[in-house]
Amino acid sequence: MNNTEYYDRLGVSKNASQDEIKKAYRKLSKKYHPDINKEPGAEEKYKDVQEAYETLGDEQKRANYDQFGSAGASGGFGNGFGGSGFGGFDSSGFGGFEDIFSSFFGGGASRNPNAPRQGDDLQYRVDLSFEEAVFGAEKEVRYNREAVCHTCSGSGAKPGTSPVTCHKCHGSGVINVDTQTPLGMMRRQVTCDVCRGTGKEIKDPCQTCHGTGHEKQAHKVSVKVPAGVETGQQIRLQGQGEAGFNGGPYGDLYIVVNVKPSKQFEREGSTIYYTLNINFVQAALGDTVEIPTVHGSVDMAIPAGTQTGKIFRLKGKGAPRLRGGAQGDQHVTINVVTPTKLNDAQKQALKDFAKASGQEVHPKKKGLFDKVKDVFEGE
């Protein structure tokens, strides 16, 4: 994958601001969402947009992607749904001169392979409705993870037996290897190939985990999603990831929020947006109309002479701010709809209005084709 594909999916440039990226994502997410768009290929495009935004919507992931492409964006992630790793980009995998020299001159011995190590983190996406994101929700998450083997309690040995000290490394987890170099014979320490660094040998392995101490288990956890969350935000559940090594703690589970688009509302932060279509009579004379909000319908007065594009604010009818504070507002944008079909009485009324206003209107005369079309359309 090249370093611009995610930008191309969202239709933005590499220099786009986070605000531009977020707006492009919301527009495309709503356009291709399977609940709204039933055309073939829409669901696949929706997934592509989601994947692109998960990277570009995060400053650190975006920086890694710009520099290293998709490999940098994924960093330590697995596939994001029950895969291993969630650690962001880590250059330690490249090794380096420091590792080479430390292995030859004894520095590697300071790394204790028997030390407890935390398990891998996991990532899981939770879909929320528009309303659930506004008010918060409690979701049950089910997934598979590497857990401590229930048969051997993580020892890797058959019940009734115990691991023994490794005969090759004598429990250290490392062995010395002599290597001929241009500078002469060099001795370095490497992980023991018998015990794989654990310092223990399993003579009679557990039949459930085959000596690994881990087994795949179905797991479920309840997560409380706070009110006011947005797509791309994460919730960390400590200790709900995969089992650790050498008695280390479990990793963490990161819940990534995905908010499904609403058919009538849009949202940015704590502000909710709604477009109200009115006719030109309501716009000219004024009216009181019922406006839907996530908190229930409210009446809103439209003053006489209201123009298309006019924005009214319904205070406190938006979403809560995630980190506390006052409730957001709902913005109502007016769209005056011009009628496309008028009966004779309506046409005459408009002509009388034009005459009373001192205006002359010269509508286009219909040709034969237009008249035939009107007959078939019932006019």
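Using N, Cα and C of the backbone, Cβ positions are placed for all residues, glycine too.
The model shown is predicted, which means the values in this text are computed figures rather than measured ones.
According to TrEMBL, the protein carries these features:
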{"type": "DOMAIN", "residues": "5-69", "note": "domain 'J'"}
{"type": "ZN_FING", "residues": "136-218", "note": "zinc finger"}
{"type": "DOMAIN", "residues": "136-218", "note": "domain 'CR-type'"}
{"type": "REPEAT", "residues": "149-156", "note": "repeat 'CXXCXGXG motif'"}
{"type": "BINDING", "residues": "CYS149, CYS152, CYS206, CYS209", "note": "Zn(2+) 1 binding site"}
{"type": "REPEAT", "residues": "166-173", "note": "repeat 'CXXCXGXG motif'"}
{"type": "BINDING", "residues": "CYS166, CYS169, CYS192, CYS195", "note": "Zn(2+) 2 binding site"}
{"type": "REPEAT", "residues": "192-199", "note": "repeat 'CXXCXGXG motif'"}
{"type": "REPEAT", "residues": "206-213", "note": "repeat 'CXXCXGXG motif'"}
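Each residue in the repeat 'CXXCXGXG motif' (206-213) gets a DSSP state, and the totals come to 0 helix, 0 strand, 8 coil. The binding-site residues near CYS206 (Zn(2+) 1 binding site), taking a 10 angstroms Cα-Cα threshold over the set CYS166, CYS169, CYS192, CYS195, amount to none. Against the repeat 'CXXCXGXG motif' (149-156), the recorded stretches 166-173, 192-199, 206-213 differ in Cβ pairs under 8 Å, and the greatest number is found for 206-213. Same-chain residues at least 6 positions away in sequence with a Cβ under 8 Å from that of CYS195 (Zn(2+) 2 binding site) are, in sequence order, CYS166, LYS168, CYS169, GLY173, GLU201. Sequence-distant contacts of CYS152 (Zn(2+) 1 binding site), defined by Cβ-Cβ distance under 8 angstroms and a gap of at least six in the same chain, are LYS158, PRO159, CYS206, THR208, CYS209, GLY213.
Other C-beta atoms found within 10 angstroms of the C-beta of CYS206 (Zn(2+) 1 binding site) number 22, with every protein chain shown included. Between the alpha carbons (Cα) of CYS192 (Zn(2+) 2 binding site) and CYS149 (Zn(2+) 1 binding site) lies a span of roughly 24 Å.
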